[in-house]
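S.K.: Annotations per TrEMBL:
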- 509-527: compositional bias 'Polar residues' (COMPBIAS)
- 34-485: domain 'Major facilitator superfamily (MFS) profile' (DOMAIN)
- 490-527: region 'Disordered' (REGION)
- 37-64: transmembrane segment (TRANSMEM)
- 107-126: transmembrane segment (TRANSMEM)
- 135-154: transmembrane segment (TRANSMEM)
- 230-249: transmembrane segment (TRANSMEM)
- 331-351: transmembrane segment (TRANSMEM)
- 392-412: transmembrane segment (TRANSMEM)
- 424-445: transmembrane segment (TRANSMEM)
- 457-480: transmembrane segment (TRANSMEM)
Amino acid sequence: MAENRDRSNHVLVWEQAEMATDEGIIPAAKRFGTRHYIVFMLFLGMANAYVMRTNMSVAIVAMVNQTAIEKESEVLDDECPDTDYGEDNHDSGQDGEFIWSTSMQGYILSSFFYGYVITQIPFGLLAKKYGAMRFLGWGMLINSVFAFVVPVAARQGGAGWLIVVRFIQGLGEGPIVPCTHAMLAKWIPPNERSRVGSIVYSGAQFGTVISMPLSGLLADHGFDGGWPSIFYVFGIIGTVWSIAFLLTCHEDPVTHPSIREDEKKYIQQSLWGNASVHIPPIPWTSIAKSLPFYAILLAHLGQNYGYETLMTELPTYMKQVLRFSIKTNGVLSALPYLAMWLFSIVVGWVADWMLTSGRVNHTWTRKISNSIGQYGPAIALIVASYTGCSRALTVAILTIGVGLNGGIYAGFKINHLDITPRYAGVLMAFTNCSANLAGLLAPIAAGNIIEGKPTIAQWRIVFVIAACVYLFTATFYNVFASGARQFWDDPENDEPQKPSIEAPAHSEANGNNGTTLTHRTMNEQTS
């Protein structure tokens, strides 16, 4: 294809008729290829990112001298009878190295989050201009290397230096979501996005399921006093992954040195010019006027608000009202994450089957998947507010609600790639940053509503508010979302100037009203 690079960096589809033949494209679509290895590495990267994010919540229990701290009196509701199981008594005998107040522990736990949030948009913009792969790999390497510094910072510098180190770790993890999205936009054909997106982003739940019990084991039986081994072990794992990712993965199929030619052509043809030497400026004005973008943004905001309520407030409700601490049971703690992980993969495969079967287009596939992912948890929250004193039923509702939430990965979460493959990483940076900030409102709202009176009636208000947020944002998404590539994604850049020979017609699979590849170009890309 090098002989065509003098034509304004365009390679006309009519000059590549062999790409439409069954001999190359069909095997490439079905065979395990380089893109699947990229997906596997991104899945492990997402899992590693969430391990790094959640391991401190387990480690800090062993780090703090619980008996030396005057515990705050906890207000409990007396509507439900007490129970002799599930109580949080196992912590009382732990004598950690540090005497940190509850508020100081909150600062330590939140420091990672602030570093993570402020780098979302900058890395999204940088990834669009300079490529995503190296930002992702080096960012996670920084995150992993600084994990080794956590024990030293805590022991030598105290809480202040620990907060600084965790903040830096958060900065390093900032590229994970926008850069992952940017790479998926370049590697994954439209009809594979649902299952691939579900697999990659379900790494978050997989990482959480692995991190919680393993961190607990290391805290009790690890070396160097127990809790430091959490950061050493996961730091080694993260460092190995980062180096392997930087050495074996590449920005896109065109720059990959060993990808099979038929697979490269299959990806490039499916994306019809997604990878281009000429990268247009970001169309900020058009994006600001785009209802499909706002549909994704609101769905993302509603997701984080509702998810924080499900995962942080329901366990608190169970302890304050039902007198049962789900966090003390490792199996029960992992069940919601495990359910969401497995269900998200199933929904992803079904969504792609719907697309490839030709029965449903991209727009309706995203709306159906997202409806399951957000209406389901909304109903679960409402039901949970009326379960009374039934502990088992509440645990079941928590598991089902979070499990159904996995539908979002084939819904709004991957929708950025449909409407704008060129700027998917940038849009994800904006929506993810805004959504993480919105997630902070859930515990704030709950705290103000139940302060001093954690009754079933007050908690019902918390759950109904979260359910209404889910319902409103999901409905807005269903009305205004689209699976079609938007005009402001600069599709004109894919048009040949003088097409003279018509290529075999192949319908677009991304919902662009039947637009075919006949009059599209395949843009060459260099690194």
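Placement of Cβ uses the backbone N, Cα and C atoms for every residue, glycine included.
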S.K.: Pairs of Cβ atoms less than 8 Å apart decide it: which stretch in 107-126, 230-249, 392-412, 424-445 has the most with the transmembrane segment (135-154)?
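M.R.: So the stretch in question is 230-249.
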S.K.: By a Cβ-Cβ criterion of under 8 Å, what residues six or more beyond either terminus of the transmembrane segment (392-412) are in contact with it?
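M.R.: Contacts of the transmembrane segment (392-412) (Cβ under 8 Å, skipping residues fewer than 6 from its ends): 194-195, 197-198, 201-202, 205, 295-296, 299-300, 303, 306-307, 310-311, 314-315, 317-318, 322, 326, 332, 335-337, 339-348, 350-351, 365-367, 369-374, 376-377, 379-381, 383-384, 477, 481.
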S.K.: Among 107-126, 230-249, 331-351, 424-445, point out the range having the most Cβ pairs under 8 angstroms from the transmembrane segment (37-64).
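M.R.: By the under-8 Å Cβ criterion, the transmembrane segment (37-64) pairs most with 230-249.
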S.K.: Apart from its near flanks, which chain residues at least 6 from the ends of the transmembrane segment (331-351) lie with a Cβ under 8 angstroms of it?
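M.R.: For the transmembrane segment (331-351), the far contacts come to 194-199, 201-202, 205-206, 208-209, 212-213, 310-311, 365, 368-369, 372-373, 395, 398-410.
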S.K.: Of the listed stretches (230-249, 424-445, 457-480), which one yields the highest count of Cβ-Cβ distances below 8 Å with the transmembrane segment (107-126)?
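M.R.: The stretch with the most contacts is 424-445.
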S.K.: What mean pLDDT score does the domain 'Major facilitator superfamily (MFS) profile' (34-485) have in the model?
M.R.: 84
